[in-house]
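Per TrEMBL, Cu cation binding site is recorded for C83, C87, H175. If you look up TrEMBL, you'll see C83-C87 marked as disulfide bond. Per TrEMBL, the feature domain 'Thioredoxin' maps to 45-210. Sequence annotations record features per position, and here TrEMBL assigns transmembrane segment to 7-28.
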Amino acid sequence: MNTNHQLLKTGAIAAALLVMIAIGLLMLRGEAEAPPPPELRNALYPEPRGLGEFTLIGSDGEPFGPANLEGQWSLMFFGYTHCPDICPTALLTLNQFYQGLEAHPEAMANTRIVFISVDPKRDTPEHLNQYVDFFHKDFLAATGERDQLDRLVEATGAVYMFEGDTSGDDYIVNHSAAISLVDPRGRLYGRFPPPHDAGEMVQTFLQIRRHYGDFSDSE
């Protein structure tokens, strides 16, 4: 009698555990991100990925790391302030993009532009601050030691290469021109490949935000 009672009790516990596991799996499935619609497949990565650990110095002189990219959407561009063409063009486009978001305050409220310099020798925090402020007072910038920069560069898939004698100040840096998109969880979520059109970027970004669930199609 006691044996039967024990078996029933064990069976009830096992059944309860199975139910709990099933509920947990359903919850995890419900939390999984929906695949992007066809029009966004070229802008979004199949799976968002973390950026890892890195420590840079912001243009305000304060440490800049993964936590600075959380809680907001970040459009991140890699370059350097002595860049003769690609960087000024990209930052002017990002300025136009930012202005375009003004008509969508729900999207602009937590969107930031971040310029990462891969030329820390010439781009001090003070110089970076003056540089990005020329394009927009709300733009952020950061740079850092080579090993720390390379961690972030590699994580985003960006590339750069020095050309010329870097022992002096007369050299250039060849670099990629894509703009990386980081979501509020600090993950690499998508990218805007060149050539960039500010108006198209605004519309694509709004589509991404709706897909992400930030707001509905009516907003």
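Note that Cβ sites are derived from N, Cα and C of the backbone, with glycine treated the same way.
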**Prompt:** If you count Cβ atoms within 10 Å of the Cβ of C87 (Cu cation binding site), leaving out that atom itself, what do you get?
**Reply:** 22
**Asked** Among all the protein chains here, how many other CB atoms are within 10 A of the CB of C83 (Cu cation binding site)?
**Response** 20
**Request:** Using a 10 Å cut-off, grab the number of neighbouring Cβ atoms around the Cβ of H175 (Cu cation binding site), all chains included.
**Result:** 21
**Request:** Would you mind pulling the DSSP three-state label for H175 (Cu cation binding site)?
**Result:** strand
**Request:** Look up C87 (Cu cation binding site) in the DSSP assignment and reduce it to helix, strand or coil.
**Result:** helix
